[in-house]
Structures are given as structure tokens and as C-alpha cells.
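S.K.: Have a look at the structure that comes next, please.
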Amino acid sequence: MNDKNFLFLKFWYLSDKGFRLSPLPGLKRGISGSTIGGHNLGINKYSNSNKRNEVIKVFMFLTSKELQKKYIINKGFYSPILSLYEEDDVCETVDCEFFKNIQLTARPTSKVSNYDQYSFKFRNYIYDFLYGNKTAEEALKTIYEITNFHYLTLKSDETNLGLIIFITTVTISIIMLSSIVFLFIKKYEHFFNFISNDLWIVIIIGFLVYLFPIFLDYGPIHLIKCYLNQYFNILGPFLMLLPLLIRLLINIPEKDNKILKLIEQKRIQIILYFIIIYTVIYGSLVISPYTIITRTFNDEKSIKICQMNNTFGNIIFFSLYTTRYIITAIILFLIFIEWNLRSTLYDIRSIVLILYISFLFDIFLYISNFIHYNDIILFLTLSEFIRIICTTTNYLLLYGIKLVYAVLHNEKKTLYGKNNNHKFYISNNTSMSNTNDENNDKIEKINILNADSKMPSISSLLKNKIYNYHYKTSVDSKFILENHRMNEKYSSDFSATFD
């Protein structure tokens with residue numbers, strides 16, 4: 001360019017008098033396109049507030065019509081104040097018709113985080129077409145993908161998975177919601193007596209809440225979706241766990257406990273208080289907003305994802321997930337205590353299975369965040385399928401199997417069979433009796449050991465009480481743990497008794 005060894009040159013505007021300037025020709029007469037460049041003026045919001053008015057005055061001076069006119073005449077600069085190109089003294093210096101006919105096009109700097117990278121890719125794809133490596137359709141499609149962001153959609157242009165996931169989620173949600181009706185049909189109510197109807201409804205709402213983020217993944221991502229997605233993602237498991245925790249607390253084989261009775265009476269209020277506290281804690285994330293980042297795959301297809309990079313936000317998430325796993329640990333402890341209760345034998349084992357399945361899915365989802373996916377469709381749909389499978393499995397184990405059994409066996413017997421003899425775990429009355437005898441023998445051994453103890457020990461007493469609860473088969477078991485004095489050799493003797 002410096003040698004001026006060219007006939008036509010497409011370049012930025014230069015005020016050099018040695019060139020004759022003209023707008024870029026377009027496909028149709030009178031339509032062209034010239035790229036606009038330049039720099040922006042701004043004031044840092046963290047700057048000294050006392051000096052901002054002075055800076056504003058400088059900006060007003062730099063952008064004033066008088067100074068812009070001076071720049072045009074003396075320096076040949078281009079000014080965005082188009083009325084200047086109507087003045088005679090300006091047109092004596094520059095070609096006003098040229099500037100008035102320019103049709104400016106802004107570069108897509110706001111659409112990409114790295115414009116230099118975008119420009120490099122854009123030019124290379126154009127070259128691929130110009131030099132025969134790609135057809136015009138292929139090149140334009142690839143260029144389009146640079147700034148296009150993919151998300152789940154009901155359209156089936158590339159894949160039907162978005163439509164399949166949507167229909168599956170809606171169908172499962174309708175089935176879960178409609179199944180609540182069976183709680184209020186008298187001939188089926190005894191199948192669901194493990195938990196009160198209000199707690200069953202909370203659990204099913206928890207399943208639906210956990211599925212809801214799937215719908216939020218459809219369409220373009222924006223900040224409000226980031227907040228709602230994680231809000232429901234965390235709230236759903238809480239709504240599934242809290243009713244189970246409350247039921248197991250009520251189910252502790254201890255009679256006339258005022259605290260347990262209060263929990264039973266205020267069970268819905270407890271859950272509502274928890275939701276309010278959770279919402280307030282989660283709402284504090286507004287002071288540490290999400291960041292929406294771009295992830296690009298090997299085929300140049302990109303998506304936007306929500307990311308929390310703020311330390312305060314990560315602390316909130318850590319505390320919420322920790323609370324969830326503490327509740328899970330308490331539930332497992334209560335399950336150990338109530339493991340042999342005849343009235344809830346099947347339900348207790350179902351809950352254990354549900355907790356382990358949920359934990360495995362959590363691990364899988366966590367590991368999947370660190371996997372580098374080359375396929376954008378796999379990335380968009382894998383977590384949705386995991387969510388659907390996990391929710392459906394837990395629903396079937398906890399509620400659905402009761403529903404199926406109720407419909408297939410339209411008679412007054414539960415999963416435990418008549419007289420609460422558990423059908424899947426106890427084969428007949430004799431085996432149940434044998435089981436009760438074995439547990440009673442173990443409780444007797446504990447009580448005998450207590451009687452021999454001379455020195456009290458809080459930890460030993462606690463262990464003793466826990467094991468006593470564990471071997472009980474009913475709340476009304478005739479063997480009630482008594483608080484006897486224990487000596488220092490309790491621990492070794494206790495272990496030797498069961499060895």
C-alpha cells in the first residue's frame with residue numbers, strides 16, 4: 001500500500017489526498033456497506049466522583065460541533081455529525097458527497113467476547129470458499145455458527161431430542177400430579193399410610209420442582225434463568241427429603257415424646273419455614289451475580305452457560321448442598337434406628353435405595369461437569385436425561401410402586417400383606433416370630449449388660465439406646481431401655497456380647 005502498487009484498494013478511510021475515495025459497491029445500485037471503527041469515550045464508575053463533572057465537560061468539548069469541524073478541515077478526520085457536510089467551508093476541504101453517501105455497518109463486537117478471534121475465523125472461512133475448499137452454503141453456515149448460540153428447542157431441524165425430552169417431562173409431570181388423586185380415594189388410602197397425605201403431596205411437588213429446570217433450559221439463556229434454574233434444582237431435593245425426615249422422626253420407637261408430637265403437629269409449618277429461610281439465603285446471591293459465559297465446541301457451535309465465579313456465591317452453594325447432605329445423613333441414622341420396625345419395613349428400605357440412587361446421580365452429574373464434550377447435543381441433553389431418570393426412579397420406588405400395587409390388588413391389604421406382615425421380606429408368620437425373638441434376645445442382652453454396669457458413661461448409654469431402638473420391631477415393644485449405671489469395661493463387653 002505504501003508503494004501505491006494497486007488499482008483498487010479496500011481499506012480504512014485515509015485522508016491522504018493521493019487517493020480517490022468512493023463507497024464500496026454493492027450488489028444493488030445505491031446499496032453499499034462500510035465498516036465503522038473508532039473508539040468510545042466513557043467514565044469509570046469507580047473514579048473520583050468529584051472529578052466526573054470536569055471529565056464530562058472535556059467530553060462535551062471533544063464532541064462539540066466546533067471542534068469536530070476543526071478536525072475535518074485541518075486533519076481530514078471523519079465526523080459522525082453529518083450536518084457538518086452541508087457547510088460550504090467544510091465541502092471546500094473534503095468530498096462531502098462521498099461522506100453523505102457512506103452507509104455504515106458496525107462490526108459485531110458486542111456479539112462475541114473476543115472479536116479478534118471472530119475476525120480471524122470469519123476471514124478464514126471466506127477464504128475457504130474463495131479458494132474452493134468449501135461451497136458458499138458450507139462457508140456461510142460455518143460463519144453463522146460463530147455468533148449463533150444453541151439451546152434446547154422443540155424444533156427438529158438437527159435433532160428430535162429436544163422435543164422428546166419436552167414430551168417425556170410433561171408426560172411424567174402429569175402422571176405424578178394426577179397420581180395425588182389416589183391419596184383421597186378411600187379404598188386406596190391404606191396403601192399410602194406410611195406418610196400423611198399432606199407430606200405425600202409435598203414429596204410429589206418436590207419431584208415436579210426438580211424436573212422444572214428442564215423447561216428453563218429451552219430457549220436463550222439469560223440471568224433470571226440462571227437464578228431460577230439453581231433455585232429449583234436445590235429446592236426440589238429438599239422438598240423430597242424433609243417429609244421423609246419428619247416421618248422418620250415421628251416414627252422413632254419411643255412413646256409419649258412431646259417433641260416428636262410437636263413435630264407431627266407442626267410438620268407443614270416446619271417445611272414452610274424451611275422454604276422461607278432457604279429462599280432468603282438463596283436470594284442473597286443477588287449481591288454476587290452469575291456470569292454467563294460462552295462454550296464453543298469443535299464444530300464451532302457455541303452455547304451460553306451460567307457460572308458462579310464469586311466467592312460469596314460459592315460459599316452459599318456449599319452451605320446449601322452441605323445442609324442437604326446433613327439431612328440425608330440424619331435420615332440414614334434414623335433408618336438405622338427404625339430398621340426392624342414391622343410397620344415400615346418396606347418403606348425404610350425403599351428410602352435407603354432412593355438415597356443411594358440420588359447420591360450416585362449427584363456424583364455422576366458432578367463428574368460430568370469436568371468432562372470435555374465434543375458433541376454439543378450430548379452436552380445439552382445428558383443432564384436432562386439424568387434428571388428425568390433419577391426423578392422417575394425415586395418416584396416409582398417411593399410412591400409409584402404403591403400405586404401400581406393398589407390398582408392391581410384392589411383389596412384391603414398393603415404391601416406388607418395382612419396384619420402388616422411384610423410380603424417382600426417376611427415369608428410367613430413363623431419367620432416374623434423368629435425375627436422378633438432374635439431381636440428381643442439381643443435387647444435382653446443389652447439390658448443384662450446394663451444391669452451389670454456400675455459406672456455411668458454418656459457415650460455408652462447413647463450407644464446402648466441406639467442399639468435398643470435398632471432391634472425393636474414395634475413402638476410398643478415390651479423391652480424398654482433402662483438407664484442403668486455402666487462401668488469402664490462397657491465398650492469391650494458390649495462388643496464381646498455380639499461377637
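Here the Cβ of each residue, glycine as well, is placed from N, Cα and C on the backbone.
Bear in mind that TrEMBL entries carry predicted annotations, made automatically and left uncurated.
Found this in TrEMBL, in case it helps:
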type     : residues : note
TRANSMEM : 161-185  : transmembrane segment
TRANSMEM : 197-216  : transmembrane segment
TRANSMEM : 231-250  : transmembrane segment
TRANSMEM : 270-292  : transmembrane segment
TRANSMEM : 312-339  : transmembrane segment
TRANSMEM : 351-373  : transmembrane segment
TRANSMEM : 385-408  : transmembrane segment
S.K.: Which listed stretch (161-185, 197-216, 231-250, 312-339) has the most C-beta pairs under 8 A with the transmembrane segment (351-373)?
M.R.: 312-339
S.K.: Determine which residues of the chain contact the transmembrane segment (231-250) at the Cβ level, with the cut-off under 8 Å and only residues 6 or more beyond its ends counted.
M.R.: 194-196, 199-200, 202-203, 205-213, 216, 260, 263-264, 267, 270-271, 274-275, 278-279, 282, 320-321, 324, 327-328, 330-331, 334-335, 338, 351, 358, 394
S.K.: Using a Cβ cut-off of under 8 Å, list the residues of the same chain at least 6 residues beyond the transmembrane segment (197-216) that approach it.
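M.R.: Sequence-distant neighbours of the transmembrane segment (197-216): 165-166, 169, 172-173, 176-177, 179-180, 183-184, 225, 228-229, 232-233, 235-244, 246-247, 267-268, 271, 384, 387-388, 391, 394-395, 398-399.
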S.K.: Any residues 6+ beyond the ends of the transmembrane segment (161-185) with a Cβ under 8 Å from its own?
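M.R.: Sequence-remote neighbours of the transmembrane segment (161-185) are 152-155, 191-192, 197, 200-201, 204, 207-208, 211, 214-215, 218, 377, 380-381, 384-385, 388, 391-392, 395, 399-400, 403, 406.
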